[in-house]
C-alpha cells in the first residue's frame, strides 16, 4: 500500500471555499490512483484553509504527471464555486510535487493539473501530456473567443461567449459575433446617479477567472457612487451653459484635491509648466526633436527672436537639437460631435518648443491647423496674454484627445487585452511564458469590458464629454493603430527615435528606462533558463502560435508595423516580453495614474471646445474664453471619469509582486527575488530624488505601479 499525502490550500477571496465534494485522482507513469474523496472531520475547503488528506494506492505510481480534481454535488446544495490556490503532493519516498492552481473551479467538473515545473511543448514527449496540452488549449479557445469591435481596431474578447458557457458544456469556437455597430443596444440604459448610459448585459457575464474580486468590485463602486451622486445632488451633472468664472471649477471636487492637482491649478497658465507636461505629464511621448522645420509650420527667426534672446537664432537652436515639435496631425480629419445639442470643434495643432539654456522646455509657437495661411495664424508668447492662453488651451484639448484615445486606451488597454487573450488561448498553464505573463494580464479583460460598457457604448461617457464622440474615437484609434510601430512600443527605441535622450528633468524617461532595464534583466534570466538556444525558440510551436496570434489579432497582420509574427532567437523573445510587461504595468501607470492630478483643473485638459479656433489675433476676452471651454455638465462628467480611473481600487498587486506561485523551480524563484530587490532600489532612488523637486514625479515608483492594466 502506497500513501500519498495531499496538502490543499483554498484561496482567501470572499466565498473562495466550497461545500461541494472534492475528489482527487493521481496519475503517474506507472498507473493512476482510485478516485478518492478528500474528506476529514469538520468543514473541508473553507476560505483560506490549508488542509491535509491521504490518497492510498495499491502500489506506487512512479513519476506524478497529473492531478485530477473532481468537483461534485454535496447533498441537496446548489453548486458552489471553489478557488483552489495550490496542492502539494508528498510521495511515499518523501519528495514533494507542487501543483499550482490559482483558479476558480465552477460547477461540477473535472480539472487536470500538471506539476508546477514549467515545460515547453518540445520538452513533453509522453502522449498523455501532449494530449493534455492540446485539450487545455482547445477548451480555452472555446471559452475566450475573439470579436471585432470596429474596423481597424485590435480584436477584443467576446463576452457573450461567457454567457453561453456552462462549466460542463462548451460551445463551438467558430460561432461568429457581430461588430460593435451591429450590437443590440436594448440593454444600454441610464442608471440612477450616472450621467451616461451603461451597457448592462455585457457586465453580467464574466468568466470567474478574469473578473474582478469582490474586494475590487466593492472598492470601485465605493469610489464611483459617492462622487457621482454628490455631483447629481448639487445639480452639476445636469447644469448646461458656460462657467461664469474660472474659480468656480475649483469647487467641483473640493474634497478630492491632491498636491499635484493644486499645483496644476496654480501654475497651469505658465509656459514653463506647459512645457513640463510634455515631459512628465500624462502624455509624455509626444515630443520629437527637429533638425529642420516642417514646411507646414513656417515659423521665422524674427517671430521667436524675442524669446530666444541675443547670441542665438532659430537655426542655431535647431542645429543644437534644442527645438522640439508636438504634432497632432491625427486630429486633422477626426469626425466632430455635438454636446448638449451644440456643435463642437477640433483642431490639429502644431506646437513648437524650445529647450532654453536653463534646461526649461518652453512653447515657442503654436499653429492651430496643419495648413498654414492667413486664416491659421501662428500664435507666439509675445502675443496678447489671452490669445496665447487660448492657443495653449487648444493644444491641451488636442493633448486630451490623443492621450485618452491613443496613448492611454489604445496602446495600453486594448493592446494589453490582445496580449491577454493570446496568452490564454495559445499557451497552456505549464508553459513558462504563460507563467511569466499571467500576473500582468490580471483583470485586464474585466476592466476593458467595463470601459466598453460605460465609455465606448452609444451615449456612453465618450459621447457625453468629448468633442469627437464615439465615431471620432473609433477613427482616432483605428488611424493610430495603422501608424503604431514596434519602435513606438519599445521605450528605449522610442526615446532614441524621437531624439529625447538628453533633455534634462525628463523623469518619465529616466524612471522608465530603469524599470525597463529591471524587467529586461528579469525576463532575460527566465528566458535563458527555459530557452538556452535559438532552436528552443524556433521549435516551440505554442510560442510561435502565440506570437502569430498577437500579430494577426492585435496588429491586424500589418507588416509595416514592425511587430514580429515569428520569433527566432532568445534575444528577440526577451525584448518582446520586456515590452509587453512594461506596457502592461509601468507604461499604463505613467499615462493613467495622473489623470485626476493633471485634469482636475479642467482648463488644463478640456475634453471639448465649443467655439471654432481663432483665425485672427487680438479678439480673445475672458468671456469668449469661457464660452470656448466645455459646459458645466460636460466638465463634471469628465472629471468624474478622471477621479475614478486615478483611484486604483483595492486588491492591488504592485509591479514584481507575485503572491500566486506559478513558478516552482528554484532558478526562476531566485530571479523573482532579484527583480523585487532591484525594484525596491529604484523606488528608493525615485523617492530620494522627489524630495528635492517642487513637483514630485511618482507615477513610476514601483510600489505605485500595478502589475497589470486593471483600472
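In case you wondered, yes, glycine gets a Cβ from its N, Cα and C as well.
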- Query: Among 682, 686, 711, which is the one Swiss-Prot gives for the Fe cation site where 408, 413, 588, 592 also bind?
  - Reply: 711
- Task: Would you count the other CB atoms within 10 A of the CB of residue 408 (Fe cation binding site), including those on all shown protein chains?
- Result: 22
- Query: Other than 408, 413, 588, 592, 711, which residues of the chain come within 8 Å of the Fe cation site, judged by Cβ distance to the Cβ centroid of those residues?
  - Reply: 409, 412, 591, 645, 709
- Report the DSSP secondary-structure composition of the domain 'PLAT' (2-119) as helix, strand and coil residue counts. 0 helix, 62 strand, 56 coil
- If you draw a 10 Å sphere around the Cβ of residue 413 (Fe cation binding site), how many other Cβ atoms fall inside it, taking every protein chain shown into account? 21
